[in-house]
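Visitor: Reproduced below are the annotations present in TrEMBL:
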type     : residues : note
DOMAIN   : 154-456  : domain 'Na+/H+ antiporter NhaC-like C-terminal'
TRANSMEM : 6-22     : transmembrane segment
TRANSMEM : 29-51    : transmembrane segment
TRANSMEM : 63-80    : transmembrane segment
TRANSMEM : 145-169  : transmembrane segment
TRANSMEM : 189-211  : transmembrane segment
TRANSMEM : 257-273  : transmembrane segment
TRANSMEM : 279-295  : transmembrane segment
TRANSMEM : 307-328  : transmembrane segment
TRANSMEM : 340-365  : transmembrane segment
TRANSMEM : 372-389  : transmembrane segment
TRANSMEM : 432-453  : transmembrane segment
């Protein structure tokens, strides 16, 4: 593979600069992909190169799976909305949730309960809680921050999740096992995955009112309290119909929370039974919701089919963005971005500093590229031999890689977790990134200190 040196950074820089200045993520991704196509194919071949990467990304089995999952969630969300299942649940839950603290704490706890997969977590929790938080004038950016910053960290900290299973497999492939098991090695690394622990603790301190509102969340909270506008300025995807208030309910109307909870429970159960395969779980949830609303007469068959169409359509932005994100990742791979980042940091990867440097490199790489699982697959084969050569505990070095992946998942503008969380909470991913960054940087700073301490102590 050719080395493009500092040029390999240009597509990522283009995306970040344009996204921040214009707040148009899709346009930024197109521009970043175009810059990469020009670097790789020249001016004459850039158009052909641009479409080549889009076509090749669409043939990627992981992307195909992701698009199907997103489409299923889009259908399920529209079914919830059109059947008033979300409204019913919101009204029912509001009987038990009477304050902002209770609403945000409930959001965080629900995020811990839905630990199987960060995709499921990011989409389901925001969809479930936004009606309740809107009613209490909690800004969408604060809701999205809580959802987003529990999702990936919790998936790392609970060994039954898709993240844990995947990372355990990587450790076993690299010969790092405990009792002959990659999961055994992962369980040993889990307490050392400092970023995940710190971020989850930080979120719970925040929702309990023990950690202050910062940056964008602080501004949005003031405006929401004064005006009732829960969306960031110019940042809503689209206006949503407000949930039922108590006085708006028709006389004799009974809110049925099970119309929302049953499909969700089925989705989680099937996902768990099918080896954490969220596609099967989301499909089962759609089928159960379909039958449930048809039998009750909530929706007619024709209306249910319309919901399926509208559900896929509602996720159009996310579907296109996901294709572009995978295309940019492919461009970054061909440009040798990972090799370049590693090459400029290798000189300072010495001894006790290795875990801290690995965390910094992985965090920057994940933030810049939107690759999290790919990052671990690329970096672990490099880090583990380095750790062995420098007499550093490979479990500690691996934990630093996982922490960097979690940091990137929480903060990357075009990472799939941020995109889906923003869609579920109906805000723009750029607003979610700005809302999350102050907290992620604090958690990242504390994580860095702990890896420095452990690097010298272990």
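Here the Cβ of each residue, glycine as well, is placed from N, Cα and C on the backbone.
Predicted automatically and left uncurated, TrEMBL annotations should be read as such.
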Visitor: Under 8 Å for C-beta pairs, could you tell me which stretch among 257-273, 307-328, 372-389, 432-453 has the largest tally with the transmembrane segment (189-211)?
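Guide: Most contacts with the transmembrane segment (189-211): 432-453.
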Visitor: Give the nonlocal contacts of the transmembrane segment (29-51) in its own chain as ranges (CB under 8 Å, at least six residues past its ends).
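Guide: Sequence-distant neighbours of the transmembrane segment (29-51): 4, 7-8, 10-12, 14-15, 18, 321, 324-325, 327-328, 331-332, 334-335, 414.
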Visitor: Given the cut-off of 8 Å on Cβ pairs that are 6 or more apart in sequence, determine whether the transmembrane segment (145-169) and the transmembrane segment (372-389) share at least 3 such pairs.
Guide: yes
Visitor: List, by number or range, the same-chain residues at least 6 past the transmembrane segment (6-22) whose CB is under 8 A from its CB atoms?
Guide: 28-29, 31-33, 35-36, 39, 328, 331-332, 335-337, 340, 368-369, 413-414, 430
Visitor: Six or more residues out from either end of the transmembrane segment (372-389), which same-chain residues have a Cβ under 8 Å from its Cβ atoms?
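Guide: For the transmembrane segment (372-389), the nonlocal Cβ contacts are 152, 163, 166-167, 170-171, 174-176, 329, 338, 342, 349, 354, 358, 361-362, 365-366, 396-398, 400-402, 404-406, 408-409, 415, 417.
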Visitor: Are there residues at least six beyond either end of the transmembrane segment (63-80) with Cβ under 8 Å to its Cβ atoms? List them, or say none.
Guide: 57, 86, 119, 123-124, 127, 260, 263, 267, 278-279, 282-283, 285-286, 289-290, 293, 299, 304, 307-308, 310-315, 318-319, 322-323, 326, 416, 420, 424
Visitor: Who are the long-range neighbours of the transmembrane segment (279-295) in its own chain, taking Cβ under 8 Å and residues 6 or more past its ends?
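Guide: Residues 65, 68-69, 72-73, 75-76, 79-80, 83, 85, 116, 120, 259, 262-264, 266-272, 301, 304 contact the transmembrane segment (279-295) from elsewhere in the chain.
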Visitor: Across the domain 'Na+/H+ antiporter NhaC-like C-terminal' (154-456), what does the mean pLDDT come to, as a whole number?
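Guide: Averaged over the domain 'Na+/H+ antiporter NhaC-like C-terminal' (154-456), per-residue pLDDT gives 84.
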